[in-house]
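Quick notes on the structure that follows.
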Amino acid sequence: MQQRIEVLDIIRGFSLLGILVVNMTYFKYGFESYPEYELPSLDFLIEEYINFFAVGNFITLFSFLFGISIVMLQKRAHTHQESFFPIYFRRISLLILFGLIHTIFIWDGDILLAYGMIGIILTMFLNRKPKTIFIWASFIFLLYTAFSYPIDDESFEYDDISEYEITEAEVHIEGSYTEHIKFRVFDEHYEEKPTQEWIELFTDALGWGFTLLPNLLFGMYVGKKEWLYNLSNYTQSIWKVWIWSATLSFSIKIIGLFLEHPIVTMLHDGITPLSMAIFYTTSIILFVQHGQMVVVSRYFANVGKMCITNYVMQSLITTTLFYSYGFSLAGKLGAFYGLLLTIIIYTAQAFFSTYWLTKFYIGPIEYIWRFGTYWKRPTFIRKKQ
């Protein structure tokens, strides 16, 4: 049991590093405006490496872990003979609340609200057999992969710079904190249709959640199969999955570097995020099983134990650095300095988390989440020895 939890914490901490690497681009330039680096600049190479190894892969991994955690929550409730659904709905409701606060007051690239919204849909699968969950996950995954086939529709015409991009740039560079809040909720429609924009805030989050649904279901499937309880019994199988996921992922990605074809794009966008997530997961499990990088793993695990706290902290730090109400660095850092800043922030989080957990059992947001979930005050402060 302890090994399973430790491994999941390590993977969760590692996924937060990857998420920060990817999100750094959005913090620097927003969601629509991306710089075009020229070969052979260092910025170009770093951006290509990020696209190859990180983009799409870590949000998939994070979602996979979230699916596992739901099953773990369910098993814990059954072990303690507690009614699961009230616990689950309190947990999901708090996640929606955290997501709203994060979206409105900190950063609109939030994922917590999407997890909370799709968590409501996941109730349909909570009491299903593993085989049923796997069939649904596979069907939706293949369906999404097919829909990722690019369609060249000449009827669509795009302006060079959209209204959203203009407003986004103006707000990030010159806007007050209040204007940032308005933009996060209402986009470019500052004074128009506020009720409609509030509704869209939730529907957009639910839509994003649906794109992650197969990964969540695959995570639930793994959780219900209970493979993670006795990893040492599956070492040979883990090696096979590692080889399979690495071969599939890197074959498609390398082909995509040299061949622009709709089918290659479909396979890349539809399959490789999940196969890369599996590759990272099995890699970490094998490292842990063979006692490699023990010290580094401990720091990753500590970040993972304070997952939501560190996720929100990343947003607080980066928006303060890049937005106009902070140090106003938006658009001023290239890929190299963005990656360097990512490493600095994450390293600081690793040391902070390690120190925090010598004084407290869980992170501050995790404390609120657990308290609200179980309606019991969890042990927070560690007693001095």
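Placed from the backbone N, Cα and C atoms, the Cβ positions cover glycine too.
Listed in TrEMBL:
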{"type": "DOMAIN", "residues": "223-376", "note": "domain 'DUF418'"}
{"type": "TRANSMEM", "residues": "7-29", "note": "transmembrane segment"}
{"type": "TRANSMEM", "residues": "49-73", "note": "transmembrane segment"}
{"type": "TRANSMEM", "residues": "85-105", "note": "transmembrane segment"}
{"type": "TRANSMEM", "residues": "111-126", "note": "transmembrane segment"}
{"type": "TRANSMEM", "residues": "133-151", "note": "transmembrane segment"}
{"type": "TRANSMEM", "residues": "205-222", "note": "transmembrane segment"}
{"type": "TRANSMEM", "residues": "242-259", "note": "transmembrane segment"}
{"type": "TRANSMEM", "residues": "271-288", "note": "transmembrane segment"}
{"type": "TRANSMEM", "residues": "308-328", "note": "transmembrane segment"}
{"type": "TRANSMEM", "residues": "334-357", "note": "transmembrane segment"}
Contact between the transmembrane segment (7-29) and the transmembrane segment (308-328) (at least 3 Cβ pairs under 8 Å, separation 6+): yes
Stretch with greatest number of CB pairs under 8 Å, the transmembrane segment (205-222) reference, 49-73, 85-105, 133-151, 242-259, 271-288 candidates: 49-73
Intrachain neighbours beyond the transmembrane segment (49-73), with Cβ under 8 angstroms and 6 or more residues off its ends: 8, 11-12, 15-19, 21-22, 25, 84, 87-88, 91, 111, 115, 119, 122, 126, 212, 215-224, 228, 253, 257, 269, 272-274, 276-277, 280-281, 335, 339
Cβ-Cβ under 8 Å with the transmembrane segment (85-105): same-chain residues at least 6 beyond its ends: 70, 73-74, 77, 111-117, 119-120, 123, 126, 181, 184-185, 201, 205, 308, 312, 315, 365, 368-369, 372-375
Intrachain residues whose Cβ lies under 8 Å of the transmembrane segment (133-151), provided they are six or more past its termini: 125, 211, 213-214, 217-218, 220-221, 224, 262-263, 265-267, 269-271, 274
Positions whose Cβ lies under 8 angstroms from the transmembrane segment (271-288), at least six residues beyond its ends: 3, 6-7, 10-11, 14-15, 18, 53, 56-61, 64, 141, 145, 214-215, 218, 231, 235, 238-239, 241-242, 245-246, 248-249, 252-253, 297
Distant-in-sequence neighbours of the transmembrane segment (334-357), which means Cβ under 8 A and at least six residues beyond its ends: 13, 16-17, 20-21, 24-25, 28, 35, 37, 42-44, 46-47, 50, 298-300, 302-303, 305-306, 310, 313-314, 317-318, 321, 363
